[in-house]
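> Pulled these from Swiss-Prot:
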- Leu37, Arg38, Gly79, Lys82, Thr83, Thr84, Arg188, Tyr198, Arg235: ATP binding site (BINDING)
- Thr83: Mg(2+) binding site (BINDING)
- Arg328, Arg333: DNA binding site (BINDING)
- 1-10: compositional bias 'Polar residues' (COMPBIAS)
- 1-29: region 'Disordered' (REGION)
- 13-198: region 'Large ATPase domain (RuvB-L)' (REGION)
- 199-270: region 'Small ATPAse domain (RuvB-S)' (REGION)
- 273-347: region 'Head domain (RuvB-H)' (REGION)
Amino acid sequence: MAIVSSSSGRKSPCRETALVDPQPAPEEQVIRPEDSLRPKRLSEYIGQSELKQVLGIAVEAALGRGEALDHVLLYGPPGLGKTTMALVLAEELGVNCRITSAPALERPRDIVGLLVNLQPRDLLFIDEIHRLSRVAEELLYPAMEDRRLDLTVGKGSTARTRTLDLPPFTLVGATTRAGSLSSPLRDRFGLIQRLEFYGQTDLEAIVARTAELVSVDLTFDACARIAASCRGTPRIANRLLRRVRDVASVRQGKGTIDDAMVAEALSLHRVDHRGLDASDRRLLAMLMDQHGGGPVGLETLAAALGEDPVTLETVVEPFLLQQGLLVRTPRGRMVTDAARSHIAEAA
């Protein structure tokens with residue numbers, strides 16, 4: 001299976017990545033099949049049992065008919081394995097996987113170039129698909145539905161339409177904001193699946209697997225503590241494990257990493273036993289201390305914290321909501337009794 005990555009080559013603004021930020025750090029955005037921690041097959045993919053069952057049946061049916069897999073939309077919070085699942089699907093289908101992201105498809109020729117170079121039954125993965133431009137979306141409509149490209153050649157009175165036939169292919173789109181997709185684009189996906197936060201048992205299995213792959217020896221309690229502190233997100237679990245490994249190699253050298261060493265490493269990075277970092281606790285503490293627990297509007301909250309409202313809503317809040325530490329009301333955000341207890345314990 002070939003993996004081809006496409007990007008615009010434009011540098012994004014530099015920002016500090018929090019240890020428990022589910023967005024990928026720069027070094028995590030590079031896909032290296034030879035040293036990747038990603039599973040290769042559905043049987044190796046831990047968690048998301050319903051998703052695996054649905055996609056496994058679809059893959060087996062497509063292979064049995066000798067057809068391309070239907071188009072797939074994967075959505076959910078960042079860091080849960082959407083890109084990994086796309087690579088797994090390509091491996092299961094035995095086809096090439098071409099990887100790009102919506103911001104890289106700025107001009108019509110960018111997406112046209114990708115589509116015309118696809119081989120039969122290839123898989124095209126578009127990350128952040130909700131950020132596609134209107135022109136790119138309109139090019140995808142006939143490509144997804146009728147396997148053709150409708151191109152306009154020339155301008156004004158000399159303009160004419162040229163149609164190019166495309167081979168059967170599978171588009172896998174990934175997004176953290178499924179509601180931002182236009183209805184015409186969303187309706188062209190035959191399989192629409194949500195990835196959920198991972199449970200403790202699955203996360204422990206992921207941490208144990210990663211530890212084995214990177215030759216780190218963990219006690220069961222150490223593995224459990226990392227799993228409990230990763231916000232239900234495999235990407236964060238692997239990142240925490242790397243930071244624990246760093247601290248352990250300096251503090252004790254080689255040897256088994258125990259629960260106490262993990263606790264020391266997480267404390268050093270200001271990550272508590274529930275996966276909250278200093279920014280999360282500051283948000284909850286500000287709501288309680290300055291606003292009596294809320295409600296507080298998103299814009300006000302973002303301004304007080306110096307955060308972008310979209311980042312706050314899509315990256316920070318989902319985990320706090322899932323943990324029952326924060327609630328959204330028509331009047332704004334409010335802390336819960338569980339949040340008050342947690343902040344009191346951390347004080």
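Here the Cβ of each residue, glycine as well, is placed from N, Cα and C on the backbone.
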> Looking only at C-alpha atoms, tell me how far Thr83 (ATP binding site) is from Arg328 (DNA binding site), rounded to the nearest Å.
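Thr83 (ATP binding site) and Arg328 (DNA binding site) have their Cα atoms 29 Å apart.
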> Which ones in the same chain are close to Arg188 (ATP binding site), with CB under 8 Å and 6+ residues apart in sequence?
His71, Leu140, Tyr141, Met144, Glu145
> Does DSSP give Arg235 (ATP binding site) helix, strand or coil?
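The three-state answer is helix.
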> Taking the Cβ of Leu37 (ATP binding site) as centre, how many other Cβ atoms lie within 10 Å?
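Step by step: centre on the Cβ of Leu37 (ATP binding site), count other Cβ atoms within 10 Å, giving 15.
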> Over all pairs in Leu37, Arg38, Gly79, Lys82, Thr83, Thr84, Arg188, Tyr198, Arg235, the listed ATP binding residues, work out the largest Cα-Cα distance in Å.
32
> According to DSSP, which of helix, strand or coil covers Arg328 (DNA binding site)?
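Strand, per DSSP.
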> Given the binding-site residues Leu37, Gly79, Arg235, state which is nearest to Arg328 (DNA binding site) when distance is taken between Cα atoms.
Gly79
> About how far apart, in whole Å, are the alpha carbons (Cα) of Arg333 (DNA binding site) and Leu37 (ATP binding site)?
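The Cα atom of Arg333 (DNA binding site) is 37 Å away from the Cα atom of Leu37 (ATP binding site).
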> If you run through the region 'Head domain (RuvB-H)' (273-347) with DSSP, how many residues end up as helix, strand and coil?
46 helix, 9 strand, 20 coil
> Which residue, out of the binding-site residues Arg235, Arg328, Arg333, shows the minimum number of other Cβ atoms inside 10 Å of its Cβ in this structure?
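The binding-site residues Arg235, Arg328, Arg333 were compared, and Arg328 has the fewest Cβ atoms within 10 Å.
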> Average the per-residue pLDDT over the region 'Head domain (RuvB-H)' (273-347) and send me the rounded value.
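Averaged over the region 'Head domain (RuvB-H)' (273-347), the predicted model reaches a pLDDT of 87.
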> Here the binding-site residues are Gly79, Thr83; which one has the lowest number of other Cβ atoms no more than 10 Å from its Cβ?
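Per-residue Cβ counts within 10 Å for the binding-site residues Gly79, Thr83 bottom out at Thr83.
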